[in-house]
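Engineer: I am attaching a structure below and will ask some questions about it afterwards.
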Number of protein chains: 4
Amino acid sequence: MLSSKKKYIVNSNSRIKAQIQFADQKQEFNKRPTKIGRRSLSRSISQSSTDSYSSAASYTDSSDDETSPRDKQQKNSKGSSDFCVKNIKQAEFGRREIEIAEQEMPALMALRKRAQGEKPLAGAKIVGCTHITAQTAVLMETLGALGAQCRWAACNIYSTLNEVAAALAESGFPVFAWKGESEDDFWWCIDRCVNVEGWQPNMILDDGGDLTHWIYKKYPNMFKKIKGIVEESVTGVHRLYQLSKAGKLCVPAMNVNDSVTKQKFDNLYCCRESILDGLKRTTDMMFGGKQVVVCGYGEVGKGCCAALKAMGSVVYVTEIDPICALQACMDGFRLVKLNEVIRQVDIVITCTGNKNVVTREHLDRMKNSCIVCNMGHSNTEIDVASLRTPELTWERVRSQVDHVIWPDGKRIVLLAEGRLLNLSCSTVPTFVLSITATTQALALIELYNAPEGRYKQDVYLLPKKMDEYVASLHLPTFDAHLTELTDEQAKYLGLNKNGPFKPNYYRY
Amino acid sequence: MLSSKKKYIVNSNSRIKAQIQFADQKQEFNKRPTKIGRRSLSRSISQSSTDSYSSAASYTDSSDDETSPRDKQQKNSKGSSDFCVKNIKQAEFGRREIEIAEQEMPALMALRKRAQGEKPLAGAKIVGCTHITAQTAVLMETLGALGAQCRWAACNIYSTLNEVAAALAESGFPVFAWKGESEDDFWWCIDRCVNVEGWQPNMILDDGGDLTHWIYKKYPNMFKKIKGIVEESVTGVHRLYQLSKAGKLCVPAMNVNDSVTKQKFDNLYCCRESILDGLKRTTDMMFGGKQVVVCGYGEVGKGCCAALKAMGSVVYVTEIDPICALQACMDGFRLVKLNEVIRQVDIVITCTGNKNVVTREHLDRMKNSCIVCNMGHSNTEIDVASLRTPELTWERVRSQVDHVIWPDGKRIVLLAEGRLLNLSCSTVPTFVLSITATTQALALIELYNAPEGRYKQDVYLLPKKMDEYVASLHLPTFDAHLTELTDEQAKYLGLNKNGPFKPNYYRY
Amino acid sequence: MLSSKKKYIVNSNSRIKAQIQFADQKQEFNKRPTKIGRRSLSRSISQSSTDSYSSAASYTDSSDDETSPRDKQQKNSKGSSDFCVKNIKQAEFGRREIEIAEQEMPALMALRKRAQGEKPLAGAKIVGCTHITAQTAVLMETLGALGAQCRWAACNIYSTLNEVAAALAESGFPVFAWKGESEDDFWWCIDRCVNVEGWQPNMILDDGGDLTHWIYKKYPNMFKKIKGIVEESVTGVHRLYQLSKAGKLCVPAMNVNDSVTKQKFDNLYCCRESILDGLKRTTDMMFGGKQVVVCGYGEVGKGCCAALKAMGSVVYVTEIDPICALQACMDGFRLVKLNEVIRQVDIVITCTGNKNVVTREHLDRMKNSCIVCNMGHSNTEIDVASLRTPELTWERVRSQVDHVIWPDGKRIVLLAEGRLLNLSCSTVPTFVLSITATTQALALIELYNAPEGRYKQDVYLLPKKMDEYVASLHLPTFDAHLTELTDEQAKYLGLNKNGPFKPNYYRY
Amino acid sequence: MLSSKKKYIVNSNSRIKAQIQFADQKQEFNKRPTKIGRRSLSRSISQSSTDSYSSAASYTDSSDDETSPRDKQQKNSKGSSDFCVKNIKQAEFGRREIEIAEQEMPALMALRKRAQGEKPLAGAKIVGCTHITAQTAVLMETLGALGAQCRWAACNIYSTLNEVAAALAESGFPVFAWKGESEDDFWWCIDRCVNVEGWQPNMILDDGGDLTHWIYKKYPNMFKKIKGIVEESVTGVHRLYQLSKAGKLCVPAMNVNDSVTKQKFDNLYCCRESILDGLKRTTDMMFGGKQVVVCGYGEVGKGCCAALKAMGSVVYVTEIDPICALQACMDGFRLVKLNEVIRQVDIVITCTGNKNVVTREHLDRMKNSCIVCNMGHSNTEIDVASLRTPELTWERVRSQVDHVIWPDGKRIVLLAEGRLLNLSCSTVPTFVLSITATTQALALIELYNAPEGRYKQDVYLLPKKMDEYVASLHLPTFDAHLTELTDEQAKYLGLNKNGPFKPNYYRY
């Protein structure tokens, strides 16, 4: 289920839907759904969508070459052909994209500077499988600057920016990825990263768990030399915990998905902005005075509610958890059951991580022009399937916007077919991606340099001190000046002056 | 100057810039700049821009017919040919757009119902010159339903939605307008509305003053039968006040631009949302933690500041007026001179109505990646011309987004070349247009039905009671329930139970 | 009616209620109620109340002398006995209070400095009748520093701070005022200010209109030498407009009550804070999650709503004016009729200026523990009289807090017996008083120095430029830096560089 | 140190300071300072302070009897004399206070109803040592209704409300407590609770750890029958963890201080309101436009910042922890070092839990009239001692407000002598106390009914399900309606329909 969802991408131009399933692997990894949004994983959706404001998109369009990259003979300017990308000639365009991204990822650039002298990744042989974007490129080149050798494949068949892949190949990174891979291409690319004569990875950076899975299946012996896995996605982390439970995890793994900084930015702070952006871009609606019900008051719901309240909407909240419910009350939102307000609201937003939160019965009772969208983890929250019945007419009025029309003329405005609004109809700010990439880099450094015995064959959270370090690297962006403890104060508090500053259970 | 600006439209696709100047007319009407944003006038920019989310745009693209409408022979299904549009066959598409707009303009629909029995415009012959959009169509058909005969031209050579024009022509409205008129076409269309055998207008609805100007120039005798002019735009209103001062205004005119409701929605409430929308669509930036300086704390500035503060930006304000400055202080903003913060801010937003608020000197001192944009009235606030010097490189990175690059590599991100951000890079919600259209309809009814002597040959503001009526017609959208005064209370307050409820100087 | 209200003061200690009525004068001055809060007038209520935090109160308590000041022989240290205060020996304590107030009234102190060289009030003989507080003392001594001679009486029989009056007398001001005057004392004091051998006033500073009234009645010939009246209160202004209408106003009068700065501070900004303060001090309630209905969305209502929303309350609004109603909607409040929510709300706040907004019927339907209070203009908004029926039990649980108990045990918490909450249970910040006092000083200067003919025998608003000047004098408090127009910009905008900056109808 | 602080109470009337130290016990329990505010512990300060609004205070004043309660012979109306209170005749007044508190503690009342049938505490013999207030009385009577026998002493020598103690004694609770106990009285009362013939406690409810300490010292054998300890205060919890570490804890203990609900309410939500209240009651200042620096951005700091920002202050934040610092940035606050802004701010607020955050050097550099106060955990944050030097003059201007005056006349306004502002100058809403009391009751039920082996001799946090239950009992206050999971949804999420709903590390 989950691994297939990862590849279920709507290309908003052609409206092609690809759904690739690997029946055999699912049994092992995907026993139950994950509970949290798969944001990082799906990030590419927005970036690969044809947004008229996206500069990158235009380059891609010009490459109307239909030959498969696997069938092409390409060399970079230094004569290397250890890569496979769409068109090496696009390297210059890609380099420009990378340079722009560098400006917005000061933390990685600072990491390059601070850690470069000591080369903390000298000797590291990292195999990676992530989305191939300008931001990833900044990460890869940072890893390189820190001493690592890298080989890279895409974790998603649609998300690769071909120009960026070309730029990486041009500067010597063995990259195997292009936009629009087939299923077979996907695994072929991964295999090309791993199965190399005279080179064996000692670190894995994975996003979704497919690379890890492939090595488990095909090259289990490789794990003898592997020092650790860094995994970013909810899905991949879930797979790792299952492996661990089953006693099959044979190296330490770092769960970077649940680090504090990443969570707060991926959820609360990012959604506070993207809910407004997603609704505006799709509907041009005015927020002032609108009645909105937000289902779920977790971090995502908190962000949505705060933003809409600030814009003058009247916001209702539904919750199952009494603690979050009490928070909603204290923050000034009426806590209701969906049924109580469904007839009167102008907008319904789901962010529960649950399924069938909005049912056909609810949809039947909504008023004309009600907007329905999902900010939660997958496309299960709104029972969209229940709307595929003969008496209802679907009308696509814009990209990502469907009118579903009842026999009496009532229209519901369904956004992104119930998929994640902020990924389908908005973009993820580079600043959020910067936090993720920095966390990944630090996790690699930590695992690679950890003394024998610090990490067992288990799944670990990033040490709090590293989490704090990621945060500190992003403070200069805001010209923010941290206060330092005096010796006397540190002693009084019983803290090390350099942190960590909080107990593990601290809630922030 | 001003009348030319009206036609200065950037088509974001082709980047064609049209600038039509009518040397003779300018002397008379445009002695000095207006102080307030010409929002309604420029509304079409966003609507005619090729936004990938705009459904209307696609229809237009399909009409690749290059023949001038003036050279075509077209008839609607009832056999009439008293119109001139791009393609009468597009009527069905246009009708659908109008129907959608009707759903979002309940006030006009209510007006149709409430006033229909009495036909308050029976006998009215209205000649109109406005943007031809779905919203205008709802207005025109409302006027028709109230008893008026209408003839219509476009007030802007680019803003006409051809399908809507076709739909209006099909249902019997003599419409003369298409997208991409030449200068000559523009005046020809206006003339076809006015110069009709056996039909003479007795009301004028104008947007920009060109129609009024044409009648003054060509058919001054027509004013004998004209009961009044309703003018919406800042420019047109300015022209009327000049005529009035010069003693040349020969009929009553209604300034609907300065009605309370319209002003609050066009400025405070609309900009509160569009500043975020415009910045997101162009730059995908994150607002949290950003330092922003907003120049000017009028209604527009207040809206921008409130929105950005709510999104977690640190906002500074500059002002020349000590009262507005004190308001900024009490609302929690540091009041500074631009020079004090120019080196540290991430975003500079102008909303002063003034010129050269941001000078080359300021631009030179901004930090790398600083975003500069204008929410004020025209393209004078940022001295963009000063950036057209040889040592600076301009790079168009997206539609409406230029990087201006200094020799040392510093980049400034200039949005919409200093033109109005919210009109260039955002959209105007139908709700705002609804308020404007309703105000226009009521002004027509008032002027047409006013007893002899109520209005002289002068420019009037909409009576407060009408302003209140416009507001009341929009309350049902929010399911808002107004309280009524008891007789005893009305007597106590010395008020009529039906309003007006406030003295004229009330500030809201 | 109104003039009697002014003297209706609840002393929270002794709960003495004084109600002085002058039957004859009412016919002439008070034909109908005023519409706006009589804030400045009632200011003394809070200041004279025995707040445990008030330092001033304690001194007063120590003066247990029961002799009437009129029967005492007192001299100040310079040998003068041209004053009548409670106890000249308290002068030192009063001086300290004045010094503290000076620190918080920088605008008046700046005025002293800026205008002192030229002595703009040289030759002015001002007779004043206001509350006698430390803030008034700063005003009086400023007038003196600017060249004026002053004689002063109290406008309220309870509000005088005896120590401050003593300090003023000690430094040579002929002051006639003490706390707890009788009705006869009140007029005697006024007469002593006016009826002086060899001294005749040429300016009047009044607060409530009693001084003006007295001169009209007793010394009408004095108006020949009087250059103008400055009146601060709603009541007094109302009386002046009535005189003007009746053609009986024989000198120019300045209405300082309706100046922009004063209005915004007295209403919006002051109430935004005092609603929270008043509710906390009386009930210690928690705001988070509480359901509140605010009746009226004028400036006071806007302030209350903003504050409570920010503290996490769920706020409903009632309105009679559709424009204010639409503002409430756009600001995110559900607009309801009181009946719709009266059963569910935890707090009812009136700020309408109307009467019987909360009726016995509403009170009967409120839930147990509902808090009812008034932030509007007088004690008419809540029909408190309707609660004085035998079946209801009143229980005074704290100063200003009554429980009204229904036969079934339901309790309503009534604050300040329906009088103004913010004046009864909170305090007015010195900053607000500073704005009022500065406005009064400038109005005196303007009227005194105006060239012949600028002002007729009519009531005037403070010139906008003066309003702007008051604001500018208060900006340094916030370290706020105003931007100045360049010559070029001023020309472009058609403005004088020193203001005024806005047209008269500007709404701020 | 800490245990002594507990008894360090400033009585704002008489300014008596009591400091009772127990040299021997400190070595064992208090090795280092706690990090979090001792809110619940110090709660009594505000309640026992002579607030003019406090109804309870007045009763106490009337009891001018100077005989020690230990020397009196008192009986309640049923003839029992197993208690020791100030004056049993005050019972009726106390009963009324309890009844009022009952109305505001619906959760405990619901608990009585829900759990009464089953009597979950049947057989429980609870000895308690807490503040004796109306809220505690509601807790005790709830425990009684659930089947428990209780004996009670005060945990603080000043905080007992004598009337409430009398009411409890009258209705049969053996209570040993009065306001103004001596040190000897304090331990005598505790001993009278524990050392009873024929009755031995099997549960301990402690607040500060003194009761627990006493039993450890005097009656260690009692622990054989004791099923568990419930401890509320930071200090007491700290002592328990030390006992546990030392291997000396011989029964399970429940740390209710760190439960989610209690923490959020004691810190974030409570301080959001009390910072405003505390500042207003002491200084009557206006918040709008003021520059404020808040030291520390934990829960308390977050609450203070949110409130002040909402009131129009300009807020700066200092932090040592980069994660909290980044949160401050994203929430829109400039992150600075204290030195950067110390010269310009109007208010300095500490909420760090650290010591010497504001030093003499900072105080020397503050501008005139700067207000300095502490919302953190103890009186260490501001170095008040450094202000006790000869060249500085202290002037007490109000209760809890000192002016510290520099030789050049500069005044600093120091609130509550650097102690907790919200406890010294504000009150704790009953709603917050209700959450605490409910948590205590549930912890007692849990420990008393837990099956053998669920809890070892260790310190436990309240099970998340109980935390959720506390929250759910408080939802009806807000008329909040929780959504229930369907079976299908619960299965999908892998959750029990009744919770717990979140993993332990969830941050809320």
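Residue positions begin at 1 at the first shown residue.
Cβ coordinates come from backbone N, Cα and C, glycine included.
This is the feature table in TrEMBL:
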{"type": "REGION", "residues": "A:24-81", "note": "region 'Disordered'"}
{"type": "COMPBIAS", "residues": "A:32-41", "note": "compositional bias 'Basic residues'"}
{"type": "COMPBIAS", "residues": "A:42-61", "note": "compositional bias 'Low complexity'"}
{"type": "BINDING", "residues": "A:T133, A:D207, A:E232, A:K262, A:D266", "note": "substrate binding site"}
{"type": "DOMAIN", "residues": "A:267-428", "note": "domain 'S-adenosyl-L-homocysteine hydrolase NAD binding'"}
{"type": "BINDING", "residues": "A:G298, A:E299, A:V300, A:G301, A:K302, A:G303, A:E319, A:N422", "note": "NAD(+) binding site"}
Engineer: Of all the Cα pairs drawn from A:T133, A:D207, A:E232, A:K262, A:D266, the residues the record ties to substrate, which distance is largest, in Å?
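Structural biologist: The two farthest binding residues have Cα atoms 19 Å apart.
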Engineer: Among the binding-site residues listed here (A:V300, A:G301, A:E319), which has the Cα closest to the Cα of A:D207 (substrate binding site)?
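Structural biologist: Nearest in space to A:D207 (substrate binding site), counting only the binding-site residues, is A:V300.
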Engineer: Using a 10 Å cut-off on CB atoms, tell me which of the binding-site residues A:T133, A:N422 is the least crowded.
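Structural biologist: Taking A:T133, A:N422 as the binding-site residues, the minimal 10 Å Cβ count falls on A:T133.
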Engineer: Sort A:E319 (NAD(+) binding site) into helix, strand or coil using the DSSP assignment.
Structural biologist: coil
Engineer: Return the average pLDDT for the domain 'S-adenosyl-L-homocysteine hydrolase NAD binding' (A:267-428) as a whole number.
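Structural biologist: Across the domain 'S-adenosyl-L-homocysteine hydrolase NAD binding' (A:267-428), the average pLDDT comes out at 96.
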Engineer: So if I measure Cβ to Cβ from A:K302 (NAD(+) binding site) and keep only same-chain residues at least 6 apart in sequence, which ones fall under 8 Å?
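Structural biologist: In sequence order, A:L268, A:Q327, A:D331 meet the Cβ cut-off.
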Engineer: Can you filter A:D207, A:V300, A:K302, A:G303, A:E319 (the binding-site residues) down to those whose Cβ is less than 8 Å from some Cβ in chain D?
Structural biologist: A:E319
Engineer: Out of A:D207, A:K262, A:G298, A:V300, A:E319, A:N422, which binding-site residues come under 8 Å of chain B, measuring Cβ to Cβ?
Structural biologist: none
Engineer: Out of the binding-site residues A:T133, A:K262, A:D266, give me the one sitting nearest to A:G298 (NAD(+) binding site) by CA distance.
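Structural biologist: Nearest listed residue in space: A:D266.
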Engineer: Could you find out if DSSP has A:T133 (substrate binding site) as helix, strand or coil?
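Structural biologist: Assignment for A:T133 (substrate binding site) reads coil.
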Engineer: For A:E319 (NAD(+) binding site), what residues in its own chain, 6 or more apart in sequence, show a Cβ-Cβ distance under 8 Å?
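Structural biologist: Looking at Cβ-Cβ distances below 8 Å from A:E319 (NAD(+) binding site), excluding near sequence neighbours, one finds A:G296, A:Y297, A:A325, A:A328, A:L335.
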Engineer: May I ask for the distance between A:E299 (NAD(+) binding site) and A:D266 (substrate binding site), taken between their Cα atoms and rounded to an integer number of Å?
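Structural biologist: Here the two Cα atoms are 9 Å apart.
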Engineer: Could you measure between A:D266 (substrate binding site) and A:G303 (NAD(+) binding site) for me? Cα positions, answer in whole angstrom.
Structural biologist: 11
Engineer: Across all the protein chains here, work out how many other Cβ atoms are within 10 Å of the Cβ of A:G303 (NAD(+) binding site).
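Structural biologist: There are 24 of them.
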Engineer: On a simple 10 Å Cβ count over all chains shown, which one of the binding-site residues A:G298, A:G301 is most densely packed?
Structural biologist: A:G301
Engineer: Can you figure out which of A:V300, A:G303, A:N422 (the binding-site residues) comes closest in space to A:T133 (substrate binding site), comparing Cα atoms?
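Structural biologist: Out of the listed candidates, the nearest Cα belongs to A:N422.
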Engineer: Quick one: pull the CA-CA distance for A:G301 (NAD(+) binding site) versus A:E232 (substrate binding site), whole Å only.
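Structural biologist: Distance (Cα to Cα, whole Å): 22 Å.
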Engineer: Roughly how many Å lie between the Cα atoms of A:G303 (NAD(+) binding site) and A:E232 (substrate binding site), rounded to a whole value?
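Structural biologist: A Cα-Cα distance of 22 Å.
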Engineer: Where does A:D207 (substrate binding site) sit by DSSP, helix, strand or coil?
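Structural biologist: Looking at the DSSP assignment, A:D207 (substrate binding site) belongs to neither helix nor strand, so coil.
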Engineer: Rounded to the nearest Å, what's the C-alpha distance separating A:V300 (NAD(+) binding site) and A:K262 (substrate binding site)? Just drop the number here, would you?
Structural biologist: 13
Engineer: Validating a neighbour-count step here. Other CB atoms within 10 A of the CB of A:E232 (substrate binding site): how many?
Structural biologist: 27
Engineer: Using Cβ-Cβ distances, find the residues under 8 Å from A:K262 (substrate binding site) that belong to the same chain and are at least 6 apart in sequence, listing them in sequence order.
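Structural biologist: A:K262 (substrate binding site) has long-range Cβ partners A:V256, A:I435, A:T436, A:T439.
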Engineer: When you measure from the Cβ of A:D207 (substrate binding site), how many other Cβ atoms are you left with inside 10 Å?
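Structural biologist: Excluding its own Cβ, the number within 10 Å is 28.
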